[in-house]
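J.: Pulled these from Swiss-Prot:
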type	residues	note
DISULFID	CYS7-CYS30	disulfide bond
DISULFID	CYS21-CYS27	disulfide bond
DISULFID	CYS26-CYS51	disulfide bond
DISULFID	CYS39-CYS58	disulfide bond
DOMAIN	1-66	domain 'Disintegrin'
Amino acid sequence: MNSANPCCDPITCKPRRGEHCVSGPCCRNCKFLNPGTICKRTMLDGLNDYCTGVTSDCPRNPWKSEEED
């Protein structure tokens, strides 16, 4: 159990009522970050990974090749 996390229900380990997420690169203060927020920067401009606003995960930019990851 993670009772120290204010976003986490200590019994279920899921987000508390009214909260979106517990942790992740696109989660801050128990809420999903806004769509378009950079969650992983790359050396190449325009190929950063961005939050979607609906998940706490940081999805891979579909325009990046495997070598650029």
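Glycine is treated like the rest: Cβ placed from N, Cα and C.
How buried are these features, and what lies next to them?
T.: The Cβ of CYS7 (disulfide bond) lies under 8 Å from the Cβ of PRO15, ARG16, GLU19, CYS21, VAL22, SER23, CYS27, ASN29, CYS30, each on the same chain and at least six residues away in sequence.
With a 10 A radius on its CB, CYS27 (disulfide bond) counts 21 other CB atoms from all the protein chains.
There are 26 other Cβ atoms within 10 Å of the Cβ belonging to CYS26 (disulfide bond).
Look at CYS39 (disulfide bond): DSSP puts it in a strand. Residues near CYS39 (disulfide bond) in space but far in sequence (CB under 8 A, at least 6 apart, same chain), listed by position: PRO25, CYS26, LEU33, ASP49, TYR50, CYS51, CYS58.
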J.: Write out how many residues of the domain 'Disintegrin' (1-66) are helix, how many strand and how many coil, based on DSSP.
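T.: For that range the per-state counts are 1 helix, 11 strand, 54 coil.
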